[in-house]
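Below is one structure, written out as structure tokens; the observations come after it.
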Amino acid sequence: MNKTKGFTKYKKMRYMPGLDGLRAIAVLGIIIYHLNKQWLTGGFLGVDTFFVISGYLITSLLLKEYDDTGIIKLKSFWIRRLKRLLPAVIVLLMVVGTATLLLKSDNIIRVKHDIIAAIFYVSNWWYIAKDVNYFEQFSFMPLKHLWSLAIEEQFYIFFPVILVTLLLTIKKRYKIGFIFWGVSIISLGLMMFIYSINGDHSRVYFGTDTRLQTLLLGVILAFLWPPFKLKNDPPKVVKYVIDSIGSLSFIVLILLFFIINDETNWIYDGGFYLISILTLFIIASVVHPSTWIAKIFSNPVLVFIGKRSYSLYLWHFAVISFVHSYYVDGQIPVYVYFIDISLTIIFAELSYRFIETPFRKEGIKALNWRPSYIPQFIRMAIVVTLLIPFMLILVGAFNKYGKDIIGEKANSFDTTIEDNYLMRIAPIDNIHIDGLVSEKKKESSDVYNNIKPLLIGDSVMVDIGESFKSSVPKSRIDGKVGRQLYQTLPLVKANYSQYKKSSDQVVLELGTNGDFTVKQLDDLLNQFGKAKIYLVNTRVPRIYEANVNRLLADAAKRKSNVTLIDWNKRSQGHSEYFAPDGVHLEYKGVLALKDEILKALKKK
């Protein structure tokens, strides 16, 4: 072994299959969450697991190089990262761009902008600027998941420079560790502060500044627990402690995958930090060369999946976005999920075998025009074929096919885009939906000319407002996009306190945008005194749907002046009622919900 100035040549760090096993758990959680978030409500925590692993592994590699050689070759590091990450992303972007042009051309402008952001690894800031909500998935945004890769790449660019600077200026490594810990606390504080001001999940979820805390915890672990310095034969007591802490942390993390959801507010008030600490304990145990938990995570099946975790992450969301765009959210047939999984596996395996691995080993030599090099030639031909439409998309050649909707609130329930689309109520003669008479005949009837109901609701009420007013001219309708039940009490006190008599009729359609408590519901109902109240329950593909409908049904049973309008039951199996989000209404849905309300009012 050649020695120069007290240092040896750099030796590769030992392979740690347990980390691949942990990657497998993380990516499976993410995929299940994106398939149907009600199956694994906290599956998105898998992203944080990846962040901690990245911080730990990258720092360990850099420290190992510095200890062996006395320097860190930044250029070589960045080239290795690009060879590892960029080719697979570029191929994904080319495929998604071409597929969007062929299958979803009206979205080509939005996807084009997302592609540009992804190329420069700024997707997270792009989505923040466009006020995109990560947790609402019914809008067609097949590249939205690349926000996390953007954060990691930004970290890979700046962190090595900072680390080298600190290593050269500060001799005591524990001091460097304290600096990174301090910055992680600042990042945590930023998340808590920004969230406390505006309650915006997406700003703190997407932000590099607010998510840096998780990556830096991995960095700190690399200083405390460098894998290249762990002993193969520690005392049995030490192994027992490591295994016990790692196992307990893993059990708690899996429980959190099932318990936490995107409405869990405490995760933004230190929760991500604490969950990442659990991940630290798991990593510490699976990278140790002699623990039994490391052997469990080194299971060949988990390692196989873990090695492909990057490809699986890249392709799963794009596949799900395309496939699910042809169905109503919340009413997706079971067989569709098998299609999702099958296509994800196929694309991920192709990417891993023919893109990731060759480019990681050979770099640009993985492409070759000479037919004698068959794999390289085929790869080159495919890339060039995809590159032509891809470049045309980027320069805007196909913009004429798209709608200029980039994403402002485009995938949030608090949106006017969907509602403006849904309110295109065209006169249709002789339409019949499950026994409904035509709109024209109903409007010509004077049955409802003399009733004066008050209707209060959210964006679904906005959807039916115009049609309902045409049938009940004296109705008073107050619908607002994004409204929640707890926000309605002050509104009622200020504007509708006169609706208290037994002859008054009040329709409340609330619960689309969030849950509420029994007390909040009762306080609202009590404001209407003896008035006849009609509660419209919800159909919304969110985890709170069942609880909202249960509370509304219970209120109807408890209070003699309250009637339940069971929109959930009425709309079951009627995908034609809904826009792609599974919540807002198409014209047939407008007529159906209006009919349910009118029938209830007529009975009383």
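Positions of Cβ are set from backbone N, Cα and C atoms, glycine also.
Listed ranges 129-149, 150-170; the one Swiss-Prot annotates as transmembrane segment is 150-170. Note on the transmembrane segment (310-330): residues 27, 30-31, 34-35, 50, 85, 88-89, 92, 95-96, 99, 103-104, 137-138, 140-145, 336, 339-340, 343-345, 347-349, 351-352, 356, 539-541, 575, 578-583 of its chain, located 6 or more positions outside it, place their CB under 8 angstroms from a CB of the stretch.
In terms of C-beta pairs under 8 Å, the stretch of 43-63, 85-105, 176-196 lying closest in packing to the transmembrane segment (332-352) is 85-105. Highest Cβ pair count under 8 Å relative to the transmembrane segment (176-196), across stretches 150-170, 212-232, 240-260: 212-232. Same-chain residues lying 6 or more positions outside the transmembrane segment (85-105) and placing a CB less than 8 Å from one of its CB atoms are 111-112, 115, 118-119, 140, 142-143, 146, 149, 153, 310-311, 314-315, 318, 322, 325, 347, 351, 355-356, 359, 366, 383, 386-387, 389-390, 393-394, 398, 401-402.
Ranked by how many other Cβ atoms sit within 10 Å of their Cβ, the active-site residues SER459, ASP581, HIS584 place ASP581 at the bottom. Between HIS584 (active site) and SER459 (active site), the C-alpha separation comes to 7 Å. Note on the transmembrane segment (240-260): residues 29, 40-43, 45-46, 49, 234, 267, 271, 275, 278-279, 281-282, 284-286, 288, 291-293 of its chain, located 6 or more positions outside it, place their CB under 8 angstroms from a CB of the stretch. When each of 15-35, 43-63, 267-287, 377-397 is checked for Cβ pairs under 8 Å to the transmembrane segment (212-232), 43-63 comes out on top.
Residues 41-47, 49-50, 53, 57, 137, 145, 227, 257, 282-283, 285-287, 293-294, 296-299, 301-307, 309, 312-313, 316-317, 320, 337, 340-341, 344 of the same chain, all 6+ positions outside the transmembrane segment (15-35), place their C-beta atoms under 8 angstroms from a C-beta of that stretch.
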